[in-house]
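Student: Input: one structure, supplied below.
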Amino acid sequence: MAGTLKIRIACVVMLLALAGCAASPTQRLVKTVARQQRAEQAYRGGHPEQALADYQALVQQLPQNADFWFRLGNVYVRLQRPDDAVDAYQHVLRIEPGHAKAWHNLGIVRLRQAEAAFAQGAQHAAGIDAGLQRDSAAMAHGIAALGAAAPDTPASSASAPPPPAAGRRP
């Protein structure tokens, strides 16, 4: 129900935003809704590159639409582009500071980045600084254990996150 309401509100916002465009507002709205549907189908269908192109076009067209930015962040996660995902989620939070799913996904991405950074630090400290290697490895392990409670996929705007995956590695 909430998802349907958000889509309806997004459509009204799009209609108002497009009212000043050269093409008729109805034509622009129809094209925008079609692109939104295509992006969602591509995302759900496992075609993140197509979803990426569509969501990038949508956020250019409607830069204040937090839902499009959120979904763009999710696409970046699927494409293993964590820095871009962080940027997209932060953009969501500038528009809508109370967007709980954006905060959640931002936390997951940052946990994975922290784990990777400590693991790299441990690897590079090997043979040079045993204490640093031990501490970095312990941090990476601790973050990995904490992150094991995080789902493999980001929270989506359509449903709750899936249950945690056993033995997940970023």
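Glycine is no exception: its Cβ is also placed from the backbone N, Cα and C atoms.
Nobody curates TrEMBL annotations by hand; they come from automatic prediction.
The compositional bias 'Low complexity' annotation in TrEMBL covers 149-159. The compositional bias 'Pro residues' feature in TrEMBL is assigned to 160-170. Taken from TrEMBL, the feature region 'Disordered' applies to 149-170. Among the features that TrEMBL reports, repeat 'TPR' is placed at 66-99. Per TrEMBL, the feature signal peptide maps to 1-22.
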Student: So which residues does the repeat 'TPR' (66-99) touch in its own chain, when a touch means Cβ under 8 Å and the partner is 6 or more beyond its ends?
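Tutor: Sequence-distant neighbours of the repeat 'TPR' (66-99): 6, 10, 36, 39-40, 43, 48-49, 51-52, 55-56, 58-59, 105-106, 109-110, 112-113, 153-154, 156-157.
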Student: How do the residues of the repeat 'TPR' (66-99) split into helix, strand and coil according to DSSP?
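Tutor: So the counts come to 27 helix, 0 strand, 7 coil.
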Student: To what whole number does the mean pLDDT across the repeat 'TPR' (66-99) round?
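Tutor: On average, pLDDT over the repeat 'TPR' (66-99) sits at 98.
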